[in-house]
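> Let me give you the structure first, and then I'll get to my questions.
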Amino acid sequence: MKKIPLLLMGCGGVGRQLLHHIIACRLLHSKLGVRLRVVGVCDSKSMVVAPDAFTTELDDDLLLQVCKVKSSGSSLQNLNNFGECKVFSSQDLARKVTDIATILGNSTGMALVDCSASSETIGVLSQAVDLGCCVVLANKKPLTSSLEYYDKLVSQPRRIRHESTVGAGLPVIASINRILSSGDPIYRIVGSLSGTLGFVMSEVEGGKPFSQVINAAKSLGYTEPDPRDDLSGMDVARKALILARLLGHHINLDSVKIESLYPVEMGPDVMPVEDFLVNGLPLLDKDIKNRIDKASSSGNVLRYVCLIEDSRYEVGIQELPRDSALGRLRGSDNVLEIYSRCYKTQPLVIQGAGAGNDTTAAGVLADILDIQDLFP
Ligand SMILES: NC(=O)C1=CN([C@@H]2O[C@H](COP(=O)(O)OP(=O)(O)OC[C@H]3O[C@@H](n4cnc5c(N)ncnc54)[C@H](OP(=O)(O)O)[C@@H]3O)[C@@H](O)[C@H]2O)C=CC1
Ligand SMILES: N[C@@H](CC=O)C(=O)O
């Protein structure tokens with residue numbers, strides 16, 4: 001049986017769902033001759049690890065307990081007396097992750113899985129690459145920081161997977177990699193790449209207030225931890241940057257033209273997120289409704305569109321015909337049109353659920369299975 005040691009960073013909506021998927025797939029994976037050995041799980045402050053990363057793992061009862069503790073809003077410290085594990089607190093975290101990566105990286109190998117929404121994981125991920133580990137990301141921040149970090153993370157292409165960073169579980173990165181590796185140059189990508197903003201546009205079209213829809217999107221697990229990451233366009237800009245860099249464009253986030261749906265006075269530096277959700281959002285209801293009604297009166301709809309073409313990198317609202325590919329989108333679906341030599345007149349179109357814990361975690365799990373050949 002092939003064994004893949006795995007350390008999970010981030011135990012929020014996506015991370016917990018990943019643990020549930022791993023447990024639910026035990027039988028399937030054993031038929032495939034693979035076992036995912038979860039050796040550690042950490043959140044922002046603590047980490048729970050197996051007593052000996054070489055020979056032991058966190059068993060499924062303990063993983064379920066991790067999920068239970070985290071979904072109740074408690075700390076992983078509460079697992080101190082539950083089963084065979086050790087719990088470490090904040091100052092030791094990065095060092096402890098690196099210690100495990102050092103032990104396993106050059107022996108059995110290890111998959112370091114980032115389901116956090118933090119930029120603090122970038123250092124440990126890049127060290128893990130040097131230590132011979134694989135990295136699997138749902139977190140977009142490590143790939144959208146400096147070009148130096150990006151180049152480091154992708155320096156061993158067989159050892160990195162990040163399908164869920166764009167379009168959640170949709171096969172966007174894999175499809176682009178296949179097209180590029182066949183020498184077919186991609187010259188234009190256009191799409192709607194935010195589950196949250198897609199959901200918002202179609203629900204507000206249906207008559208619901210913007211503020212209510214954003215809160216619903218948060219409860220459904222579509223938004224980033226702070227929904228302003230979605231509403232500012234920054235989350236889509238990160239996806240645009242990931243795609244542009246995949247196409248070989250050596251650019252940074254400041255090359256992406258971004259349209260925000262809220263004013264600077266409601267930004268994270270000015271207002272705490274709870275304040276924004278309760279008091280800020282309702283102030284935006286009228287303006288968004290007016291914009292949508294105006295488009296509707298001309299038979300159009302509003303969609304938040306991502307465009308990558310030549311040296312144009314733009315994310316923002318566009319008014320589009322209701323019966324266009326993007327105009328027909330409903331709910332949290334994403335759609336992506338890829339134009340290349342082979343897909344010139346008719347683009348390659350990828351469409352489907354583009355956000356949510358289930359599909360995102362499924363994408364992460366498929367990525368982990370995809371690197372199984374690198375493990376003994
Ligand atoms: N939801 C979706 O539809 C999609 C999400 N993604 C990406 O998946 C990631 C996770 O999203 P989601 O689960 O919704 O986010 P959550 O906010 O629910 O969870 C984030 C988790 O990361 C932990 N964390 C924060 N900082 C660190 C750190 N430095 N080291 C380790 N863990 C840390 C948090 O810890 P604590 O509990 O202590 O706060 C929390 O457990 C995000 O990057 C998001 O962009 C990608 C595609 C789709
Ligand atoms: N917040 C994101 C989640 C996926 O990346 C979105 O709404 O698309």
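Positions of Cβ are set from backbone N, Cα and C atoms, glycine also.
Sharing the features that TrEMBL gives for it:
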ACT_SITE  Lys239  active site, proton donor
BINDING   Gly10, Cys11, Gly12, Gly13, Val14, Gly15  NADP(+) binding site
BINDING   Lys140  NADPH binding site
BINDING   Glu224  L-homoserine binding site
DOMAIN    171-369  domain 'Homoserine dehydrogenase catalytic'
> Tally every other Cβ atom lying within 10 Å of the Cβ atom of Val14 (NADP(+) binding site).
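A count of 26.
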> Mind looking up the mean pLDDT for the domain 'Homoserine dehydrogenase catalytic' (171-369) in the predicted model?
97
> By a simple count, how many Cβ atoms lie within 10 Å of the Cβ of Lys140 (NADPH binding site), its own Cβ left out?
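Result for Lys140 (NADPH binding site): 24 neighbouring Cβ atoms inside 10 Å.
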> What's the CA to CA span in angstrom from Glu224 (L-homoserine binding site) over to Gly12 (NADP(+) binding site)?
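It is 11 Å, counting Cα to Cα.
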> Relative to the Cβ position of the residue listed as 'L-homoserine binding site', how many further Cβ atoms are located within 10 Å?
19
> Quick one: Cα separation, Lys140 (NADPH binding site) versus Lys239 (active site, proton donor), in Å?
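The Cα atom of Lys140 (NADPH binding site) is 7 Å away from the Cα atom of Lys239 (active site, proton donor).
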> List the same-chain residues at least 6 positions away in sequence whose Cβ sits under 8 Å from the Cβ of Lys239 (active site, proton donor), in sequence order, or say none.
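Listed in sequence order, they are Lys140, Thr165, Val166, Gly167, Leu193, Ser194, Cys306.
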> Taking a cut-off of under 6 Å between Cβ and any atom of ligand 2, tell me which of the recorded positions Gly12, Gly13, Val14, Glu224, Lys239 pass.
Glu224
> Quiz question: given the binding-site residues Gly10, Gly12, Gly13, Gly15, which has the greatest number of C-beta atoms lying within 10 angstroms of its own C-beta?
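The residue with the most neighbouring Cβ atoms within 10 Å is Gly15.
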